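S.K.: For Arg10, Thr71, Gln153, the entry in TrEMBL reads site 'Important for substrate specificity'. For Asp70, the entry in TrEMBL reads active site, proton acceptor.
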Amino acid sequence: MLYLASQSPRRRELLQQLGIAYTTLDVEVAEVRAQGESPQEYVSRVARDKAQAGFALVADAADVLVIGSDTEVVLDGEVFGKPADAGQAGAMLRRLSGRAHAVISAVWVVGAQQQGCEVCVSNVRFARLDAATIDAYVATGEPFGKAGGYAIQGRGAALVEHLEGSYSGVMGLPLFETARLLRGFGVLPGRVCPQ
Ligand SMILES: Cc1cn([C@H]2C[C@H](O)[C@@H](COP(=O)(O)OP(=O)(O)OP(=O)(O)O)O2)c(=O)[nH]c1=O
């Protein structure tokens, strides 16, 4: 039985693209970067925490696998989570304007016998945004609940000049990496051949 430990509608929608049956679990984990933790270590740890919190809810059932994922925007070593209010959203978008940033997405699969993870890093360059563009975008409400205060799958697409990496990873669940991981657990058939 496959579970997705996520309340994110984007992740639920993305996982459906792989054509596998799964059930969602609502988990709440603290997203606080520990001292000395690199952005990548932090994102991976939070994704693992989510998968493990989900696993704790269903561990009694047989053959359980739980997916957990986390996505953060990173600029100059600083991790941008989800903006708490319009002021924070505007400040994040001003920082991202005219520059490239990394979007790190980690996915963990946790089972009783086995666990594994993949981390996906994409590079996103924003166009230079004037104050009116930022204010109008924040006013749409789209930045809320999104790492870095934008949604590439929504109106935020108009801010993104260039993407190198994984579109699904930026959106919240890197599907190539997730599928590769699930093949390793026998949830999907076949395997990805080395180059
Ligand atoms: C950069 C970017 C992020 N996001 C979203 C994906 C994630 O939902 C969110 C990052 O927050 P997360 O903390 O990774 O996830 P979440 O709290 O929304 O969901 P859960 O922990 O229950 O799984 O930002 C987009 O939808 N589009 C984007 O372009």
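Along the chain as shown, residues are numbered 1 onward.
Backbone N, Cα and C atoms are what each Cβ position is placed from, and that goes for glycine too.
The model shown is predicted, which means the values in this text are computed figures rather than measured ones.
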S.K.: In the structure shown, with every protein chain counted, which of the recorded sites Thr71, Gln153 has the densest set of Cβ atoms within 10 angstroms of its Cβ?
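M.R.: Highest number of other Cβ atoms within 10 Å: Thr71.
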S.K.: If I take the Cα of Arg10 (site 'Important for substrate specificity') as reference, which of the recorded positions Asp70, Thr71, Gln153 has the closest Cα?
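M.R.: Considering only the listed recorded positions, the nearest one is Gln153.
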S.K.: Among the recorded positions listed here, Arg10, Asp70, which has the most company in the form of other Cβ atoms within 10 Å of its Cβ?
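M.R.: When each Cβ's neighbours within 10 Å are tallied, Asp70 tops the list.
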S.K.: Determine, to the nearest whole angstrom, how far the Cα atom of Asp70 (active site, proton acceptor) is from the Cα atom of Gln153 (site 'Important for substrate specificity').
M.R.: 17
S.K.: Give me the CA-CA distance between Thr71 (site 'Important for substrate specificity') and Gln153 (site 'Important for substrate specificity'), in Å, as a whole number.
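M.R.: Here the two Cα atoms are 14 Å apart.
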S.K.: Look up Thr71 (site 'Important for substrate specificity') in the DSSP assignment and report helix, strand or coil.
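M.R.: Assignment for Thr71 (site 'Important for substrate specificity') reads strand.
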